[in-house]
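Below you'll find the structure, written out as structure tokens, and then a few comments.
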Amino acid sequence: QICNQHNAEAPNLEQAFHRMAQTEPNLDHDVSWFLLPSYWAKALVALISFICFANSYDGDFVFDDSEAIINNKDLRAETPLGDLWHHDFWGSKLSSNTSHKSYRPLTVLTFRINYLFAGGFHPVGFHVINIILHCTISVLMIDVFSILLGGLQFTNKGRRLNLAPKTSLLAALLFAVHPVHTECVAGIVGRADLLCALFFLLSFLGYCKAFRENKEGHNFSIFWVLVSVILGAIAMLCKEQGITVLGLNAVFDVLVINKLNVLELIQKLLHKDKSLENAVLLRKGLLFRITLLMSGGASILYIRWRIMGTGPPAFTEVDNPASFAESLLVRVINYNYYYSLNAWLLLCPWWLCFDWSMGCIPLIKSVSDWRIIALAALWFCLIGLICQALCSEDSHKRRILTLGLGFLIIPFLPASNLFFRVGFVIAERVIYLPSIGYCILFTYGFSLLSKQAKRKKILAVAVLGILLINVMRCAFRSSQWRSEEQLFRSALSVCPLNAKVHYNVGKNLADKGNQNAAIKYYREAVRLNPKYVHAMNNLGNILKERNELQEAEELLSLAVQIQPDFAAAWMNLGIVQNSLRRFEEAEQSYWTAIKHRKKYPDCYYNLGRLYADLNRHVDALNAWRNATVLKPEHSLAWNNMIILLDNTGNLAQAEAVGKEALELIPNDHSLMFSLANVLGKSQKYKESEALFLKAIKANPNAASYHGNLAVLYHRWGNLDLAKKHYEVSLKLDPMAPGTKENYNLLRRKLEQLQKKGG
């Protein structure tokens, strides 16, 4: 549907609208830069974008990828597709008190499609899609920047003109190679920001299409305005920032389509100027479009609020310490300091870190802190830019500066702590969209310098140098995101006071079996943050394995004292208490863990071990049965049930449990081994032999498998085969208990048979 605005004074307004880009100064005129055909410019931007991040294509799943992808059940085929619309980004129910309320079902859907096409958790496909998305977005930026820098004008056939080909190419290249984007592209979780940006830009370009020229003159298409609102909603379903595009579309409409002077409008409002009424009549279309955008935005936010079900997410002080400061002044000062650091990352993206929380940026608690200078510098620059954007007599300058500031600030608002508390101090990924505003301001500044400079080529070479440095920085930073070890270690020099950085380095080392080094980093994490319960829990676990039980108990007791609902720490404390033979306390700790986490199969497994040590066999079997109900693939729990029933002479029940377990986990060789032992004792030699051989095929280097198969053959009378497997077992483990004695018995028996035969 097309709405036409007819008015006695409208024709002049219409002509002015379509001549706008021609009558205003051309930003490209004084810029010494490449002038390429549109398709070559887009090909160049796509190629440079690819070069920047290509080396991340075969990286691992790192950092948050584990929770959002590997541990997210919403990616798996057995999870109903409808669950995506009721779960958060991490796979938790939105109604849960522990949910982060990050509602991004379309992003999770793309992860699920990746998982299905790859046939499992293979990171290459995930990384390739991220790289393609960034290249696509960077190419789209040429069209976006051509509108923002050159204005919006169409030919008679409705084809949009690029009136700033040189500066739009420069701005798109600046965006494509900005190192702060590495987290979004090289980190798979950054898919949310990439998809959000894609639909954000499509929404903006769709809004621009609403103003294509036709024979009627100055008009707009309701269809494309509604398409823009829908694309904004899709952007928000990828990440929350997406909704801000509707605000930017409104700003663009006011400044570019209607060319309103905001300062002049405010002055007329204050003075109740009568000419304002005529201006309003001329711009009924603007009011209608703004109403559509506001109504659409309000509806989207209302639906989003209803889906969330409960209040905002609950974050802790370590996630965002400034938001927990008691003093309003301290909160305001630190929020503004965070803004200045975000601005610095755009200006000089040299110090990049995967996480900026937990003491990485100490709170400013006094106005005498030298870091106040950063706040002053930020607001000095912002106020200067705002004044120029509002007060300049040059309408071209007003438009570009206001749009630059709009794209810089409006997409950042959801991360600003102004409307609700966020769960981070600084997150490089949230600067992906605001960097559009930075690129506009940088390019405009370059054009002004070019206009004044006598040696324009030197200035162009300097900008080329910046682009080249950024490309190299992107490639280097991408290589750091290829593995957790490189990523975590890279943060040590940037945020040495960040307890989470030391924790993650320690965890990575522990996973690789380097416990001594892991202990060092865990201790440093606890020193930097004495309330860091996860570091205490992991350190306590390592000390428990090293039999340093007293210190392990102290750490785990402190962890549950600080966070009484920390179920994992309660379970680990129970294991330590069990090892110290304080059985009643261990049992109480296990049940406390289960109280705080109802579905906790590992805790039921450990509780079963405690009951087995106390000869409470029925309780042990019940606990292990609970573990297998909650986690049917819990091999250890099944094994212990089979072994306990075997040891207590309940062979028929042990056989039944073993067969039930193998139906659920058919390729588990340890279950085959345990059931084979039971069948052997029941004199079901053929079945037992088949399971032993299958277990040995799956794990040929297990000495006990060969040893017990030899015992079976020994009982069965297959002495030659018994001798063969005894020898294999002793070769694999010369100290295998009982095997040597049984082998010697067999040899004596064979010697006796030979003598009788002789």
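Each residue, glycine too, has its Cβ placed from N, Cα and C.
A quick note: this is a predicted structure, and the numbers were derived from the prediction, not measured.
Features as listed in TrEMBL:
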- 39-57: transmembrane segment (TRANSMEM)
- 131-151: transmembrane segment (TRANSMEM)
- 163-182: transmembrane segment (TRANSMEM)
- 188-208: transmembrane segment (TRANSMEM)
- 220-237: transmembrane segment (TRANSMEM)
- 286-305: transmembrane segment (TRANSMEM)
- 311-383: domain 'DUF1736' (DOMAIN)
- 372-391: transmembrane segment (TRANSMEM)
- 403-424: transmembrane segment (TRANSMEM)
- 430-449: transmembrane segment (TRANSMEM)
- 458-476: transmembrane segment (TRANSMEM)
- 499-532: repeat 'TPR' (REPEAT)
- 533-566: repeat 'TPR' (REPEAT)
- 601-634: repeat 'TPR' (REPEAT)
- 703-736: repeat 'TPR' (REPEAT)
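Against the transmembrane segment (403-424), the recorded stretches 163-182, 286-305, 372-391, 430-449 differ in Cβ pairs under 8 Å, and the greatest number is found for 430-449. The stretches the transmembrane segment (430-449) and the transmembrane segment (39-57) do not meet in space: the count of Cβ pairs below 8 angstroms, excluding pairs fewer than 6 apart in sequence, stays at fewer than three. Within the chain carrying the transmembrane segment (163-182), a Cβ under 8 angstroms from the stretch's Cβ atoms is held by residues 21-22, 26-28, 31, 33-36, 38, 41, 44-45, 48-49, 52-53, 56, 134-135, 138-139, 141-143, 145-146, 149-151, 153, 345-346, 349-350, 352, 428, 431-432, 435-436, 439-440, 442-444, 446-447, 463, 467, 470-471, 473-474, 477-478, 481, all 6 or more beyond its ends.
Cβ atoms under 8 Å from those of the transmembrane segment (458-476) belong to residues 32-33, 48, 51-55, 170, 173-174, 177-179, 181-182, 349-350, 446, 449-450 of the same chain, restricted to positions at least 6 beyond its ends. Residues 61, 63-65, 68-69, 89, 104, 106-107, 110-111, 123, 126-127, 129-130, 133-134, 136-137, 140-141, 143-144, 147, 152, 160, 224-225, 227-229, 231-232, 234-236, 238-239, 241-242, 244-246, 248-249, 252-253, 411, 429-430, 432-433 of the same chain sit 6 or more residues outside the transmembrane segment (188-208) yet have a Cβ under 8 Å from a Cβ within it. If you average pLDDT over the domain 'DUF1736' (311-383) in this model, you get 89.
The residues of the domain 'DUF1736' (311-383), classed with DSSP into helix (H, G, I), strand (E, B) and coil, number 36 helix, 0 strand, 37 coil.
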